[in-house]
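Participant: Look at TrEMBL and you will find 12-37, 49-71, 91-110, 116-138, 150-167, 173-194, 215-233, 253-275, 296-317, 329-353, 365-383, 389-407 tagged as transmembrane segment.
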Amino acid sequence: MLLQEIAVNRRVVTNAFWIISEKLIAVFGLIFVTSFVAKYVGPEIFGEIAFATSIFQITQIVAQMGSDVIIYKRMSRNQQSGIKITLTTTWFRLLIFAVLCIPFIAFTWWRLGEEGIYFVFACCLACLFTTLDVYNLFFDAKLESKKNTLINVIGLVVSLLCRWGIAWLEMDPVWLCVPIILTGLIPFVLRRFLFHLEIDRPTVVWRNQMRYAKYLFYSGMAFVISSISVALYTRLSMMGLEFMEGHGTVGVFSVAATLAGAWSFVFNAFTTSAFPAIFSENDEEEALNKTAKLNITVIAISLPVFIVSFFFGRYFIDYFYGEKYEAAYIPLLIIFGSTMLSALGTVSGRFIAKYSGYAFLSKKTLLVLLTSIVLNFPLIWFYGICGAAIATLLTELISLTVFNYFFRSGIVFRLHVRTFQINCLGFLNNKQVRINYNPGSGE
């Protein structure tokens with residue numbers, strides 16, 4: 001029994017290792033390739049690409065209809081049934097995406113004009129392939145993230161090399177459409193090939209397909225409203241800047257937001273590793289202590305990274321991105337704070353989920369969206385790019401604190417108080433040990 005448990009834990013750790021390794025490669029690409037491309041094309045074109053991508057990512061989230069959670073859960077319990085739902089959801093997603101992309105293409109074409117239409121179609125195709133790529137859930141459910149990671153890395157490396165080559169050869173920026181499309185196309189094709197190689201394709205009659213489609217639609221509605229709200233409020237700053245400031249400011253803000261969130265995968269790794277023990281803890285006080293310590297870990301990781309960003313961020317941006325992106329420095333520091341608050345919010349959200357607070361989280365997300373709208377537009381109007389960063393910070397702060405404190409008689413407030421108690425008491429205890437220690441006393 002012990003050997004079996006060790007084997008399972010080893011698979012989980014190995015699974016997490018492959019997920020983290022993919023993120024490390026993405027960060028490497030961000031520093032050495034994306035920055036090189038951004039410097040070459042300038043803030044205007046970089047902003048057009050960022051805006052088009054953010055718009056079609058919203059389309060992608062709507063088309064998924066929250067089915068990722070449903071498929072993953074079904075695949076983990078009954079693989080054959082999960083495969084049938086996977087095959088059904090492909091055309092289901094394609095239909096929704098096709099309907100939604102028409103107004104989105106018209107909207108982005110209107111905003112970006114004829115010069116940006118190439119990037120609009122490229123981002124549309126890339127997000128379409130990502131939407132249809134449900135096969136990654138099959139491998140994740142089997143704890144075979146190694147395959148997913150290797151496939152993602154292949155797509156990422158090919159795309160990054162293409163971007164680097166286009167910038168190095170000083171080709172027309174329109175050629176960047178090719179690596180944008182390849183980012184979604186390569187993983188989709190490879191995963192689909194492996195999926196059909198490993199399974200015997202089951203026959204799903206039309207009547208059952210319709211039954212599965214209805215099941216996905218009604219079950220996914222519980223997740224999709226929350227997902228859309230999150231997708232909108234995290235992109236409202238960029239959309240507000242596009243309307244009030246233009247493509248160039250969006251490009252600069254995109255650099256700040258990307259750099260500030262580049263290290264968030266470290267938080268996700270710690271959170272994913274720590275929460276199984278928290279979920280299985282029956283004693284509420286002990287669960288509070290464990291979650292509070294996780295909060296302290298998040299803060300402890302954040303502080304040195306923030307200090308490095310404060311002292312060297314300006315030089316980093318100037319060296320890798322160029323002087324046209326110098327305005328990203330102050331927003332970078334502000335958004336860095338919102339990234340930390342977002343990570344703490346993820347911890348609080350999962351703590352709420354421990355007590356089955358899914359309905360509360362769904363309603364809270366809508367309130368966060370409304371708060372983001374109220375904060376973003378006046379702050380962007382008066383303070384521009386820094387206003388957008390401040391709006392993001394305030395939204396995350398209110399989401400983490402005020403809105404969460406209404407859940408279960410303020411248990412999240414107790415969690416935050418416990419976080420500061422453990423932190424302060426730990427500091428005072430260490431300090432007292434140092435004060436009471438007298439080398440000459442012989443104690």
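Backbone N, Cα and C define each Cβ position, glycine as well.
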Participant: With a Cβ cut-off under 8 Å, give me the same-chain residues at least six positions beyond the ends of the transmembrane segment (296-317) that come close to it.
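Facilitator: Sequence-remote neighbours of the transmembrane segment (296-317) are 255, 259-260, 263, 266-267, 270, 274, 325-326, 328-329, 332-333, 336-337, 339-340, 343-344, 347, 419, 422-423.
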Participant: Give the one range among 91-110, 173-194, 253-275, 329-353, 389-407 whose Cβ atoms make the most pairs under 8 Å with those of the transmembrane segment (116-138).
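Facilitator: So the stretch in question is 173-194.
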Participant: Who are the long-range neighbours of the transmembrane segment (365-383) in its own chain, taking Cβ under 8 Å and residues 6 or more past its ends?
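Facilitator: For the transmembrane segment (365-383), the far contacts come to 225-226, 229-230, 232-233, 236-237, 240-241, 244-245, 390-391, 394-395, 398-399, 403.
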Participant: Where else in the chain does the transmembrane segment (91-110) make close Cβ contacts, counting only residues six or more beyond its ends and a cut-off under 8 Å?
Facilitator: 51-52, 55-56, 58-60, 62-65, 67, 116-117, 120-121, 124, 127-128, 131-132, 134, 209, 213, 216-217
Participant: Cβ under 8 Å to the transmembrane segment (173-194), counting only same-chain residues 6 or more beyond its ends: which ones?
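Facilitator: For the transmembrane segment (173-194), the list is 37, 40-41, 45, 49, 118-119, 121-123, 125-130, 132-133, 135-136, 139, 147-148, 151-152, 154-156, 158-160, 162-163, 166.
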Participant: Residue list, the transmembrane segment (329-353) vs rest of chain: Cβ under 8 Å, 6 or more residues beyond ends.
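Facilitator: Same-chain residues near the transmembrane segment (329-353) but 6 or more away: 252-253, 255-257, 259-261, 263-264, 267-268, 271, 275, 278, 287, 291, 294-295, 298-299, 302, 305-306, 309-310, 313-314, 317, 360-361, 385-386, 388-390, 392-393, 395-397, 399-400, 404, 407-408, 411-412, 415.
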